[in-house]
Amino acid sequence: LAKHPEIKALMKPDYNLIWVVVLMVLAQLTAFYLVKDLDWKWVVFWAYVFGSCISHSMTLAIHEISHNSAFGNSKAMWNRWFGIFANLPLGLPYSISFKRYHMDHHRYLGGDGIDVDIPTNFEGWFFCTPFRKFMWIVLQPFFYAIRPLCINPKPITRLEVINLLAQLSFDVVIYYLWGVKSIFYMLAGSVLGLGLHPISGHFIAEHYMFLKGHETYSYYGPLNLLTFNVGYHNEHHDFPNIPGKSLPLVKKIAAEYYDNLPQYNSWIKVLYDFVMDDTISPYSRMKRQLKGEVKQE
């Protein structure tokens with residue numbers, strides 16, 4: 001910032017995010033209606049080909065909203081309510097809990113017992129062969145759901161209860177209106193989109209140390225168009241209060257800090273390399289023993 005103070009001008013809400021999220025919710029509602037009378041094979045097909053992409057993209061919209069990118073820091077609660085709305089087409093309550101744990105990930109990156117993005121010792125010990133690592137990728141959504149309860153369980157908050165009740169109410173309405181195939185499409189899209197899917201390469205690309213000494217990596221490929229530029233991950237961790245839309249400008253302005261860092265051009269290759277490289281496993285993360293006072297979200 002001392003060298004490039006113009007970056008401060010990028011620290012403002014991205015109001016376009018609001019309309020994008022609304023359109024994504026409407027797109028999924030339309031899909032729920034269209035799949036209700038299809039054969040099961042086509043429900044599964046569209047859940048993976050279309051629903052998974054929308055669902056994973058929506059989780060990254062929720063990531064943006066968790067950083068108050070929709071309405072700004074001065075309207076933090078507006079962002080929380082909007083996150084609950086964005087959560088609806090995913091089928092499972094996610095938004096409020098994600099925000100609580102994700103802020104810890106930024107404050108205490110790699111913090112042992114705090115950052116639940118770090119795999120458990122069991123994951124690192126068991127998923128150590130190509131086949132087991134492949135299955136770990138398939139099961140990623142389950143590990144991301146269970147891991148916080150094992151590593152850093154937190155008391156349930158009022159907003160999490162509201163998130164749960166809103167989600168259950170939405171799911172019941174969808175089932176009542178359009179039946180079990182729409183519910184299956186919704187839930188299957190979320191599970192498939194966060195598991196064995198090209199976009200899921202970002203989970204591994206962001207912080208797994210393919211090169212020793214480099215614990216955060218950026219990806220500058222085309223899938224950023226579907227993921228609110230989450231691939232610009234070094235830039236995001238440097239400036240978490242800058243919306244994803246503006247992160248390419250951060251890289252352009254401060255190119256001397258980012259251009260020479262290790263980077264990826266393919267999340268699919270990241271997944272392949274993770275499975276096939278015997279030197280990489282869920283253990284390939286930087287873990288820190290935190291000192292001093294820890295203030296969690």
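Each position is counted from 1, following the chain as shown.
Including glycine, each Cβ sits where the backbone N, Cα and C put it.
Keep in mind the model is a prediction, meaning the values are calculated, not measured.
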Per TrEMBL record, range annotated transmembrane segment [choices 81-98, 153-170, 261-278]: 81-98
Arithmetic mean of per-residue pLDDT over the domain 'Fatty acid desaturase' (41-263): 95
Same-chain residues at least 6 beyond the ends of the transmembrane segment (17-35) whose Cβ lies under 8 Å from its Cβ atoms: 42-43, 46-47, 50-51, 54-55, 57-58, 61, 64-65, 69-71, 82, 85-86, 88-89, 174, 178, 181-182, 185-186, 228, 243, 245
